[in-house]
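Participant: Submitted below is the structure of interest, expressed as structure tokens.
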Amino acid sequence: MKSLLDSLNFPKDLNNLNDSDTERLSKEIRQFLIESVSKTGGHLSSNLGVVELTLSLMKSFDFEKDKIVWDVGHQSYVYKILTGRKDGFKNLRQFDGLSGFPKRNESKYDYFDTGHSSTSISAGLGMARARDLKKEKYTVVSVIGDGALTGGMALEALNDVGFRKTKMVIILNDNQMSISLNVGGLSRYLNKLRMGETYNRLKTNINTSLGSSDLGKDIISKMSKVKDSIKQLVVPSMFFENMGVKYIGPIDGHDIKAMNEVFSKVKDVEGPVIIHTVTQKGRGYSLAEKSPSKYHAVPPRANEKEKPSKPCKDTYSKAFGNALINIAKEEKEVVAITAAMPDGTGLKEFSTIYPERFFDVGIAEQHAVTLAAGMAANGLKPVFAVYSTFLQRGFDQVIHDVCIQDLPVTFAIDRAGIVGDDGETHQGIMDVSYLSMMPNMTIVAPKCTEEIPSMLRWAIKKNSPVAIRYPRGKDIVCNLHALQEISYGKWEVVSEGKRICIIASGRMLQHAFLAKEILKENGIDPKIVNATFIKPIDKCLLENLKEDGYDILTIEDNIICGGLGMAVLEHLNCIDYKGNMKLLGYDDEFIPQGNVEILYKTYGLDPVSISNTILKLYN
């Protein structure tokens, strides 16, 4: 039988499908996702869960003119498949390939770029208000998950949309089964009744008639209380109604017919409406259904032709988690905080061993930072483990609530530097630059996983804010000698040499080691310094380099502006340094998706490129 999926390229192609065809298409899409994403890597279980929801949205709305915003965006694969991008999945999340998130520059059907959570309602509301001011006619749809709805930004947007009654449709994709579908028939009946034209006209007429007298107003008030009491029993989210947003649901997010009926009617509802759909993460793939978190993001299938390298022992996340557990055994005031990332940040085991000292605040980085500040102000030693890209969401709180008060909060910044496949929204290349400008903040970086325990212990004992930044994954050079004693503001000379000194921080120190081996074959033997401290820099060592006549090359997995290299350059200018200096890092641009090794090579930060930079300097 000919594949339906192969005959579909654009949203309008769905209009001719009957119920049987749509059901068949759902199965074909799931099979395609499982086969394709298993090869390239990507977000799997979340996309398997929204197949029917996406199909229903695309059959019910016209996304040639209607606009859709996908919160976070990693559940947009089905939408991409059905908007002419199916063939691009062979290069999903690869360098110059199809993005794993909505991208306006990728398709006319992508109306807003996303990557971080809780932004869709604000963005959709902005589009809706632009539509109204320009006197245009189209529907704006924001799709947000139950997890993203915990973000403060989403709640701020709900408050705004409900207050001004702006017309838009919000789809709450609840894939946690947190609200049972057993409300069943009565809920469906009330939803159908409340969407009906007769009900809304009658409601308006009654309010108009009775509202003209004091007795009538009293009757309306009593009727409203009775109605609210019933709704509290059968509709699980009076919360939305109280914010001024009409609530419909919950409805089965895998029942296309039921969703079509609801979606076709809400377009005519004036004001904001939220439709609560319940979906199953990993639907149609038994392994993902049993372990949706495990299959949330899957790695690419290994190339059988490539010889597997022997990786170093632990990931940085694992090393951090183990170190914190050991420290917590001795330091009873130590507590751990995460913003919905216990697995990714290495805190899962800590949460099991010390549940009363572990705090997962949900997708709420701003709250997490100030929570840590409050704990520190009252004698605890909080450690906030967070991805670099997400810490920037709590920028003001780090300044206002932590640094101004000089509170002892430790920031364990995971995924610092290039992270690869998720692209611009997830690269961790700015934390050094924005943290360096904050008074009282100290920034350190381990050169290897074995250095994390001593560095973390030092940070926790320091009575002021400390940020420890480390990359995703494992070391690429194993068995480096790890510092056991950390001295404030002091760098480490890890390899002596002549003529030029390479100053590198974090993983870039390992790249410097590999570059040195290449350079030695060409008659150049650089000195290598580990910038253990990114802030403050080791001014005394820099002055010694000047006196000894070294040229200097700095390497960092961060943007150059505001980074380590700029701090070094500033001090060298102050001491009238006359040697050659070169700064390696990322220029003033966002770094796209791609394999980490490819990106390092593209931006001149791999060992070969580093050695070539030095060779050009002398040739």
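Here the Cβ of each residue, glycine as well, is placed from N, Cα and C on the backbone.
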Participant: Scan 97-120, 289-312 against Swiss-Prot and say which stretch is down as region 'Disordered'.
Facilitator: 289-312
Participant: Give the three-state DSSP assignment (helix, strand or coil) for G147 (thiamine diphosphate binding site).
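Facilitator: Reduced to three states, the DSSP call for G147 (thiamine diphosphate binding site) is coil.
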Participant: With DSSP assignments reduced to helix, strand and coil, which class does H74 (thiamine diphosphate binding site) get?
Facilitator: coil
Participant: Cβ-Cβ under 8 Å from H116 (thiamine diphosphate binding site), same chain, 6 or more residues apart: which ones?
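Facilitator: Non-local contacts for H116 (thiamine diphosphate binding site): V72, T389, F390, R393, T425.
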